[in-house]
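Over in Swiss-Prot, the protein carries these features:
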- 1-129: domain 'Peptidase C39' (DOMAIN)
- 157-177: transmembrane segment (TRANSMEM)
- 158-440: domain 'ABC transmembrane type-1' (DOMAIN)
- 195-215: transmembrane segment (TRANSMEM)
- 273-293: transmembrane segment (TRANSMEM)
- 299-319: transmembrane segment (TRANSMEM)
- 392-412: transmembrane segment (TRANSMEM)
- 472-707: domain 'ABC transporter' (DOMAIN)
- G506, R507, S508, G509, S510, G511, K512, S513: ATP binding site (BINDING)
Amino acid sequence: MEPLMSFKQKNDYGLHALVILAQYHNIAVSPEEIKHKFDPEGKGIDLVAWLLAAKSFELKAKKVKKSIDRLPFIHLPALIWRDDGQHFILTKIDTQTNRYLIFDLEERNPKVLSAVEFQQVFQGNVILLTSRASIMGKLAKFDFTWFIPAIIKYRKIFVEVMIVSIFLQLFALITPLFFQVVMDKVLVHRGFSTLNVITVALAIVVIFEIVLSGLRTYVFSHSTSRIDVELGAKLFRHLLALPISYFENRRVGDTVARVRELDQIRNFLTGQALTSVLDLLFSFIFFAVMWYYSPKLTIVILLSLPCYIAWSIFISPILRRRLDEKFTRNADNQAFLVESVTAIDTIKALAVTPQMTNIWDKQLASYVSADFRVTVLATIGQQGVQLIQKTVMIINLWLGAHLVISGDLSIGQLIAFNMLSGQVIAPVIRLAQLWQDFQQVGISITRLGDVLNAPTENFQGKLSLPEINGDVTFKNIRFRYKPDAPIILNDVNLTIKQGEVIGIVGRSGSGKSTLTKLLQRFYIPENGQVLIDGHDLALADPNWLRRQIGVVLQDNVLLNRSIRDNIALTDPSMPMEQVIHAAKLAGAHDFISELREGYNTMVGEQGAGLSGGQRQRIAIARALVNNPRILIFDEATSALDYESEHIIMRNMQQICHGRTVIIIAHRLSTVRKADRIIVMEKGHIVERGKHSELLENKDGLYYYLNQLQSI
C-alpha cells in the first residue's frame with residue numbers, strides 16, 4: 001500500500017484536523033488564530049499544543065491508546081494521531097464489511113480503507129474529542145428524564161395529588177370493613193339500627209371518594225396539560241432552530257410524523273396510566289390489613305404480581321418491534337401524502353393518478369397490516385393478564401372457602417379480603433392492559449427525541465456586529481455538504497466591494513447557489529473563510545446576519561396571509577408607507593392596487609391565489625422592505641414571463657442602488673449590466689470580468705453559453 005499521505009504539508013495536518021473537528025461540533029475556529037497562539041514559529045502543532053488549542057475552544061480532548069478491535073466502541077469522529085505527523089480523521093466504521101471511512105488531511109477527501117490498509121497506517125494513538133455543548137446536550141437530552149424537572153417545577157401540585165391519593169386509598173380501605181361488619185354482625189344479630197348507621201357512613205365515604213377522585217383527576221390533568229404546553233412550545237422553537245441540513249436530509253412527512261407523536265405523549269399524560277401508577281404505589285397500605293385477615297390468601301396475591309410482571313416483560317420487546325414497524329409505515333404514508341398534495345399539479349398534468357393511487361393502496365395496506373399485528377399482540381397481552389387474574393380469583397375462592405369452613409376466616413372477612421385484593425390488583429391489571437400505551441409513549445418519546453435531541457444552530461457566544469456595509473470576501477473556500485460527499489466548492493476566492501453588482505453564471509451544479517448559502521451562514525466551509533466587512537461569518541450570530549441580507553429565490557414561498565403581512569413578515573408593525581415603497585420598488589404596487597382588497601388580499605396557501613410573476617414580485621418586495629445592505633437574487637427571474645421580468649429589470653437600477661447585489665442566473669441577459677460577471681464550473685471560478693470582456697474570449701465558457709442562448 002502507498003503511504004497514506006506525503007510529508008509535503010504534514011505540519012498543517014494537526015491544524016487542519018482541529019478546524020474540521022471543531023466545525024463538526026458547531027464551533028467556529030480561525031486557523032490563523034490557532035497558528036498565532038499555538039504555532040508562532042510555523043513548525044507544526046505538537047500533541048500538547050493540539051490538546052491545549054482544543055481546550056481553548058471549549059473542546060474536551062483526550063489522547064488514549066486503543067487497539068483496532070476497540071475502535072468500534074469509541075465516539076466518532078476521532079483524530080488518529082501518528083508520530084510522523086501524517087494524522088487523519090476516523091469518521092465511521094462499518095463493522096459488517098470491516099471497512100474504515102477516514103478523512104485524508106492531505107488530499108482533503110474521504111477514503112474507504114480495508115482492515116489491512118487501516119492496520120498499516122494505525123499506530124494506536126487516538127484523540128477523542130467532545131464539546132461541552134454536546135456533553136450538556138447528552139445530559140439534557142429528551143427522554144423520560146426530561147419530565148423530572150417539570151414534575152419538580154409543579155411539585156406542590158403533585159404533592160397535593162399524592163396526599164389525595166393516600167386519602168382515596170384509606171377510603172377504599174374503609175368500604176370493605178363496612179361490608180365485613182354487615183356480614184358478620186348486622187345480619188347475624190339482625191341489627192337494623194346498626195345497618196342504618198353503616199349505610200349512612202358508607203354513603204358519606206362514597207361521596208367523599210367520588211369528590212376526591214374527581215378533584216385529583218382535575219388537578220392532575222391541569223398540571224399535565226401545562227407540561228404538555230411547555231413540551232409543545234419547546235418542540236416548535238427547537239424545530240425552527242434546527243439547521244437547514246436537518247431538513248434537507250429528511251422527508252417532510254417523516255418530520256411531521258415525528259412531531260405528531262406529541263399527541264401520543266399528550267394522551268398518555270392526560271389518560272389513566274399515571275393515576276393507575278399512583279394507585280399502585282399506595283396499594284402497600286392494603287397489604288398489612290390483608291395479611292391480618294389471612295397470610296395464606298395474601299401470599300397468593302403477592303405471588304401473582306411477579307406473574308403480571310413476567311408476562312409484561314415477555315411481551316414488551318415483541319410489542320415494541322411491532323410499534324416501531326407501525327410508526328415507520330405511518331411515517332411513509334405521511335411523507336407520501338405530503339409529497340402527493342404538494343405535487344398535485346404535476347400528478348394531474350401527467351395523468352398519473354392511477355399509479356399514485358396504486359402506491360398509496362400498497363403503503364396503506366402495509367400500515368393497516370402493521371397496525372393489525374399490534375392490535376393482535378396487544379389483545380394477546382390483555383388476555384394473558386385476564387388469565388392470571390381469573391386463575392388467582394379461582395385459587396382465592398377455593399382456599400378462602402376452605403378457611404371459612406375450617407373456621408379460620410369468617411364470611412365477612414373473606415368478602416372484605418376479596419374487596420381489598422381487588423383494590424390492589426385493579427391498578428396492576430389496568431397498567432398491564434395499558435402496557436401498549438406505555439410502549440407507545442416510549443416509542444413516541446424516542447421519535448420525538450430525534451427532533452429535540454438534534455443540535456440546533458449555535459447562536460451562543462456569536463458576535464452581533466453593527467449594521468453591515470456590504471463588503472464580501474470568499475477566501476480559499478472549500479466546501480462539501482457531507483464528509484463523504486463530492487466537493488462542491490474548491491479553492492474559491494472572490495472579493496465583492498460595497499455597492500457592487502455581481503452576476504454569477506455557470507452550468508447547473510457548478511456551486512453558484514452554494515456560495516450564497518455560505519454567505520447566509522446556513523453552512524460553515526470546510527476550509528477558508530467567508531467575510532463581511534472583514535468579520536468572519538463563522539463567528540457571527542446567524543440571526544443578526546440574515547436580518548441584514550435580502551434573498552429572493554426561484555421558488556419563493558408565501559404564507560397563507562395577506563399581501564401586507566407577507567411583505568412585512570419580519571416586522572408586522574411596519575408602517576404601511578414602508579410596505580408600499582418596497583412594493584413599488586419591486587413593481588408590485590400596481591397589480592396589488594387593482595386587487596379587490598388591495599394589500600389585505602389573502603394570497604392562499606403558498607401564494608396559490610396569485611400568478612407566478614405576482615408571487616415573485618411580492619417576494620422581491622419582502623426582501624427589500626428592510627432595506628438590506630446585501631441583496632441576493634438566486635434565479636429570481638428565471639421562471640417569470642418576459643413581461644414580469646421586464647418590470648423587475650426596469651426597476652433593477654433603483655433596487656440595486658446603494659446595495660451589494662449578487663445575481664445568480666442562467667439567463668445571461670439578466671447579468672449583462674452587472675459590474676462584474678463570475679463564471680463558475682465544477683466548483684471553481686473559471687472566468688471573471690464584464691460582459692463585453694468575457695465575450696472576447698471565444699474559448700471561454702461564458703462565450704459558449706452566450707452563443708447557446710443566442711440561437
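For all residues, glycine too, the Cβ spot is worked out from N, Cα and C.
Excluding the listed site residues G506, R507, S508, G509, S510, G511, K512, S513, the same chain places M680, E681 with Cβ atoms within 8 Å of the centre of the ATP site Cβ atoms. Within the same chain, residues at least six positions away from G506 (ATP binding site) with a Cβ under 8 Å of its Cβ are K512, V679, M680, E681, L701. Comparing 195-215, 299-319, 392-412 for CB pairs under 8 angstroms to the transmembrane segment (157-177), the maximum falls on 195-215. Outside the transmembrane segment (299-319), and at least 6 residues removed from its termini, the chain residues within Cβ reach (under 8 Å) are 287, 290, 374, 377-378, 380-381, 384-385, 388-389, 391-392, 395-396, 399, 421, 424-425, 428-429, 432, 435-436, 439. As a summary of secondary structure, the domain 'Peptidase C39' (1-129) carries 46 helix, 35 strand, 48 coil according to DSSP. DSSP assigns G506 (ATP binding site) to a strand segment in the three-state reduction. Summarising the environment of S513 (ATP binding site), the number of other Cβ atoms within 10 Å of its Cβ, over all protein chains shown, is 18.
Of the binding-site residues R507, K512, K512 has the largest number of other Cβ atoms within 10 Å of its own Cβ. For G509 (ATP binding site), the same-chain residues that are 6 or more apart in sequence and have a Cβ closer than 8 Å to its Cβ are K682. In the three-state DSSP scheme, S513 (ATP binding site) falls into the helix class. With all protein chains in the displayed structure included, the most crowded Cβ environment within 10 Å among the binding-site residues S508, S510 is that of S510. Residues near G511 (ATP binding site) in space but far in sequence (CB under 8 A, at least 6 apart, same chain), listed by position: I488, L489, V492, M680, K682, G683.
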